[in-house]
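Asker: I'd like to ask some things about the structure below.
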Amino acid sequence: MFGKKKKRLEISAPSNFEHRVHTGFDPREQKFTGLPQQWQSLLADTANRPKPMVDPSYITPIQLAPMKTIVRGNRPPKDASINGLLEDFDNISVTRSNSLRKESPPGPHQVGSSSKPPGSGHPNAPEENGFNHYYSRYSCDLDTSSRDFSLDPGKPGFSIDGDWAVGRHYRFTKQNVCMYVSIQGAYSQPSSPYIPPGAYPPPSWGSSSDTQPSRVSHEQFRAALQLVVNPGDPREYLDSFIKIGEGSTGIVCIASEKHSGKQVAVKKMDLRKQQRRELLFNEVVIMRDYHHENVVDMYNSYLVGDELWVVMEFLEGGALTDIVTHTRMNEEQIATVCLSVLRALCYLHTQGVIHRDIKSDSILLTSDGRIKLSDFGFCAQVSKEVPKRKSLVGTPYWMAPEVISRLPYGTEVDVWSLGIMVIEMVDGEPPYFNEPPLQAMRRIRDNLPPRLKESHKVSSVLRSFLDLMLVREPSQRATAQELLQHPFLKLSGPPSCIVPLMRHYRHR
């Protein structure tokens, strides 16, 4: 009954301890340091994704030396025809992530250089190299009081990258409009008649008779942007900024509202580090007035120093890219994603907005599986007066053939890109993804539409759905509205069917 008490087990202090991993967080760079390689791979998935590109002929004429930009070398294009476009791109250095590099800033003679003279091209597809020349139709003789400034619906409106809808209302003062119009004039180009491909005269490089657009200073551009953003500093009501991603135009952080604790996403874009800084207006102006259940909401925008901050809805489920690269989706889940994206596109196309960068990276999810379209930094506005665009904008593997060929295009390009995204959801990657971007662009331009790697493993109704999107001739391609009636979408399920695919669910 009174047995001997057991001797207490002695535990020694640690011996031969080695501190091999030390992880920290750099608040300035907003990133983790010292992570093991396996952990880095989990955080760096998005860093290796292809980035969107913009037409190398129309780079913002500002100091770009500190950043990765578009063109290497100053050799003028050797061929102005459509068929010569990608051959000219042989002179461009492109990294695997589509970061197009330049070793030195462009000289004055390079600004605005292109394979076509300024203003040439299809009359309804203006080159999108900045504010167009229509500003001169409008006078600054306005009331001194603040008023709604609307453009005459019967005339083409002045635009930023040609992307503002005619007749849209914005609030300006007399002083602001005068300043704004003067800044647009610095980007303007003289119009010229349409010249057929192959009929261009050789460019005269560095000639004193060349008509060069005046450079807009950083301060002038910032002043123009100030007219369309919200006043104030978002740091007065937001805190706890944590970087969660990086895109082609800036970084994305999450932040918390001080009064409610609600999380929001904040996109921070440095005005001095943009390949085409006028596209920043898209982040503010075009999407400010468009609200749809399948489009990420933009709350406010601000100028903070030399950065444009856009405060928007935070979607906890992350991007569709994480799903397509780590799991395999069934047809119910694919149909569910397509239904939501097509609803968003149908709404935007009705408003005359072309997204121009549809891919899995641009599709975000809520924690309960709802799907929303995001990333409108490369979108464009079309109208009856300007029904087509012409800039080479987008991410190569998802680009429509007519974009690569520099033909005038409209909302049909988003439908092609959605078709490529369907292949992405089935195969895990877009076609030609193992090839360099320029080679992939050549194949898209010259070959028949791409197909699924193992099309026999999907249903005939999915193949039929895909065939309607991947049509080379834009006029024969189905519209978003038509695709909403396709039988494949009847396979779609509730948002909850997407939840098991999400990272937070997979890693529980």
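For all residues, glycine too, the Cβ spot is worked out from N, Cα and C.
The domain 'CRIB' annotation in TrEMBL covers 11-24. If you look up TrEMBL, you'll see 112-123 marked as compositional bias 'Low complexity'. Residues or ranges marked as domain 'Protein kinase' in TrEMBL: 238-489. What TrEMBL lists as ATP binding site is K268.
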Asker: With helix taken as DSSP H, G or I, strand as E or B and everything else coil, how many residues of the domain 'CRIB' (11-24) land in each class?
Answerer: 0 helix, 1 strand, 13 coil
Asker: Find the average pLDDT over the domain 'CRIB' (11-24) in the predicted model and report it.
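Answerer: Overall, the domain 'CRIB' (11-24) comes to a mean pLDDT of 81.
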Asker: When DSSP is mapped onto helix/strand/coil, what comes out for the residue listed as 'ATP binding site'?
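Answerer: Going by the DSSP assignment, the residue listed as 'ATP binding site' falls within a strand, counted as strand.
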